[in-house]
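Colleague: Take a look at this one; I'll ask things after.
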Amino acid sequence: MIKNVGICDANMLLKRELRRRIRSSLFSMPQDSIDRESVSLVQKFVTSVTYKNASSIALYASMPHELNTSSLLHRAFEDSKRVFLPRVISKENHDMVMLECKSMDELNSWVPNSWKIREPPLEEGRLQSPKDVQLDVVVVPGVAFDSLCRRCGQGMGFYDKFLAACHSSKRPMPYTVALALSVQMVDTVPTDDSDWQIDEVIHGKSVK
């Protein structure tokens, strides 16, 4: 047990340093470079069999200084996908659900939260996953990724807990995919038992 605690503490420190390093690289990237690479990665994803076969897909509205999901959101609505977006229920408990969004106009009508992200409102009649709907694909954000599909998130555990809830829902697990900018690809991402390994990372550069 002491050994496991030591490993967890070491991984926590490694993750913290990895986040610091990659965030610094992202903040130093010109926005037009981020946008250009984002469009290229989105194009790779939307031409994939995974995307084409999906009817319900969880996406996210991007924060500043991360992969720009604007073109992906527009494309998903154009392709008549059922789009779901994350809503944080409790920061303290790291609880998050995916709520259905009907259009870009609806998304743009929502007030950004403290992270400058537009979240769907919790309201009667709005479908959510995993309770109401089985998702085919979840596009997972993150800070860093490696070639073994390990992911380092923002450190809050929202997606790890959401994917654990999907696993416990008795519905088939959604396919998980990340779109990673070149600076987000690293040789190794440290992980522990609470970290969910994703199914695929789409990126445009060799791992460094």
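For all residues, glycine too, the Cβ spot is worked out from N, Cα and C.
Okay, so TrEMBL annotates it like this:
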BINDING   Lys15, Arg16, Glu17, Leu18, Arg19, Arg151, Cys152, Gly153, Gln154, Gly155, Met156, Gly157, Phe158, Tyr159  ATP binding site
BINDING   Glu66  substrate binding site
Colleague: Measure between the Cα atoms of every pair in Lys15, Arg16, Glu17, Leu18, Arg19, Arg151, Cys152, Gly153, Gln154, Gly155, Met156, Gly157, Phe158, Tyr159, the residues the record assigns to ATP, and report the largest value in Å, rounded to a whole number.
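Modeller: Result: 20 Å between the two most distant Cα atoms.
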Colleague: What number of additional C-beta atoms lies within 10 angstroms of the C-beta atom of Lys15 (ATP binding site)?
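Modeller: Within a 10 Å radius of the Cβ of Lys15 (ATP binding site) lie 20 other Cβ atoms.
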Colleague: Restricting to the same chain and to sequence separations of six or more, state which residues have a Cβ under 8 Å from that of Gln154 (ATP binding site).
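Modeller: Set apart from Gln154 (ATP binding site) by at least 6 residues yet with Cβ under 8 Å, we have Arg19, Pro141, Gly142, Val143.
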Colleague: Rounded to the nearest Å, what's the C-alpha distance separating Lys15 (ATP binding site) and Glu66 (substrate binding site)? Just drop the number here, would you?
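Modeller: Given the Cα positions, Lys15 (ATP binding site) is 18 Å from Glu66 (substrate binding site).
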Colleague: Using C-alpha positions only, work out which of the binding-site residues Glu17, Cys152, Phe158 is nearest to the residue listed as 'substrate binding site'.
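Modeller: Spatially nearest to the residue listed as 'substrate binding site' by Cα position is Cys152.
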Colleague: Do you know which of the binding-site residues Glu17, Glu66 has the most other C-beta atoms within 10 angstroms of its C-beta?
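Modeller: Result of the Cβ crowding comparison: Glu66.
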